[in-house]
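Colleague: I have a structure I would like to understand better, so I am pasting it below and will then ask my questions one at a time.
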Amino acid sequence: MKIAIIGGSGLEDPDILKNPGETEVETPYGNPSSSFKTGRIEGVEVAILSRHGRDHGIPPSQVNSRANIWAIKELGCSHILATTACGSLRGEIERGDLVIPDQFIDFTRHREITFFERFEAGNLQHCPMSDPFDKNLRQKLIDTAGELNLAFHHKGTVITIEGPRFSTRAESNMFRMWGADIINMSVAPECILANEMQIPYAAVALSTDYDCWKTDEAPVTWEEVLRVFNQNVKNVIRLLKHTIAGF
Ligand code: ADE
């Protein structure tokens, strides 16, 4: 048992491990976003990767998710817990709420989305994606969030956009009509690639803004995303730590 944490915006360098060490991994796809911080939480082995690099120098479209997921596999991690800031596309998902998504819509356009670039010797690789987030891992997060009395939503559809720009109001309204509940720039193709590698993957999304569909709220800005994330990051960390302690 070894848990990989992929830390998103606002969680570049969490100080949550006992006896921390550092590991570099090389992959056939190039370098992962950062080195891995390794250590233990309540005796459970953990390896933490910073999705955008420790100094947040890697924009969403440039995140090398194939290298990241390959490296996580190479390290022998059995599960992936990913964190992400997100915008809320629903009135009932408030700033600071956590969401444990159960579905994604991939609206990215310029990313490497598969490990299966060639079907060798007739070995066709069409990975099922009906339920992309691991059910058992999600349930652990949901149970723990309940025990900790956190403000959270036990399911939701996340739409991942290419970025780095935010959406237009027309797009934001369209995503709501499509049934998306939250919006970010990172779950796809990361979750897709974890599925291809058969590593159970679940995400904790922290709602930081109302994107721009809600006319009685100011449209999202990056400063606002960071401000609200930093205000609530302790809840993300508590949820990760207690969930991992329960493994
Ligand atoms: N991350 C946080 N808020 C976001 C938004 N409104 N759109 C895309 N990614 C986000």
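Note that Cβ sites are derived from N, Cα and C of the backbone, with glycine treated the same way.
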Colleague: Look at the phosphate binding annotation in TrEMBL, where ARG51, HIS52, THR84, ALA85, SER186 are given, and name the residue from SER9, SER207 listed for that site too.
Modeller: SER9
Colleague: Give me the CA-CA distance between ASP211 (substrate binding site) and ARG51 (phosphate binding site), in Å, as a whole number.
Modeller: 22
Colleague: Note down the number of other Cβ atoms within 10 Å of the Cβ of THR84 (phosphate binding site), including every protein chain shown.
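Modeller: Other Cβ atoms within 10 Å of THR84 (phosphate binding site): 28.
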Colleague: Of the binding-site residues SER9, THR84, MET185, SER186, TYR210, which ones put their CB under 6 Å from ligand 1?
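Modeller: Listed by sequence, the hits are MET185.
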Colleague: May I ask which of the recorded positions SER167, MET185, ASP209, TYR210 is closest to THR84 (phosphate binding site) if we compare their C-alpha atoms?
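Modeller: Closest recorded candidate to THR84 (phosphate binding site) by Cα: MET185.
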Colleague: Determine which residues of this chain, when SER9, ARG51, HIS52, THR84, ALA85, SER186 are set aside, have a Cβ within 8 Å of the centroid of the phosphate site's Cβ atoms, and list them as they appear in the sequence.
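Modeller: Apart from the listed residues, the neighbours are GLY7, GLY8, GLY10, LEU11, PRO60, THR83, ASN184, MET185.
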